[in-house]
Amino acid sequence: MAKVLVLYYSMYGHIETMAHAIAEGANKVDGVEVVIKRVPETMNAEAFLKAGGKTQNAPQATPQELADYDAIIFGTPTRFGNMSGQMRTFLDQTGGLWATGALYGKLASVFSSTGTGGGQEQTITSTWTTLAHHGMVIVPIGYGAQELFDVSAVRGGTPYGATTIAGGDGSRQPSQEELAIARFQGEHVAGLAKKLNG
């Protein structure tokens, strides 16, 4: 049975919501085990809550366990066109996995959120760089989700991966179209994982 990990960092809950949609899509594929985990918070609890951080329910992952999965779908908010510091800190601890080639050939995909739309694609593609150094097989979504063709409203979503626009104050929640794109991404990656490892 192929194993898929949805691994995310979410401060305000947008990426957490997207992660659950990704997992929902992945769970549509029979013969795939789907696990949702988050990377550890690096801010102290007081600063996190003072900044408006939302408590997360998913269990924390450890870098070493990444080797246990056939596919990993990474979710991170955009921080100046890059992944969050929390995700960066987590991935910086995977040097041992790199040294042994533990992630080589495993599938990897990325989804993101941004305040105003700036940097979402750059965040995904800059995250790919780290994953490529591990020899992971990058899985974009292309234009497989029909919602990507809908231009009737402002929304996230790119051929690189699912995204959501949170708004400058974080008040905008992922739209139904954005969640549909996320479900597509999860199903797409899980389907490939099953074909390769099922």
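Glycine is no exception: its Cβ is also placed from the backbone N, Cα and C atoms.
Model, not experiment: these values are computed from the prediction.
Taking a C-beta cut-off of under 8 Å and a sequence gap of six or more, Tyr12 (FMN binding site) has these contacts in its own chain: Gly52, Gly53, Lys54, Pro77, Ala166, Gly170. As annotated by Swiss-Prot, FMN binding site applies to 10-15, 78-80, 113-118, His133.
The NAD(+) binding site annotation in Swiss-Prot covers Tyr12.
Per Swiss-Prot, substrate binding site is recorded for Trp98, and the stated evidence type is sequence analysis. Applying an 8 A CB threshold to same-chain residues 6+ apart, the list for Trp98 (substrate binding site) reads His133, His134.
Residues annotated as domain 'Flavodoxin-like' in Swiss-Prot: 4-189. Restricting the average to the domain 'Flavodoxin-like' (4-189) gives a pLDDT of 95.
Each of the binding-site residues His14, Phe80, Thr116, Gly118 was ranked by the number of other C-beta atoms within 10 Å, and first place falls to His14. Of all the Cβ atoms in the protein chains shown, 25 others lie within 10 Å of the Cβ of Thr78 (FMN binding site).
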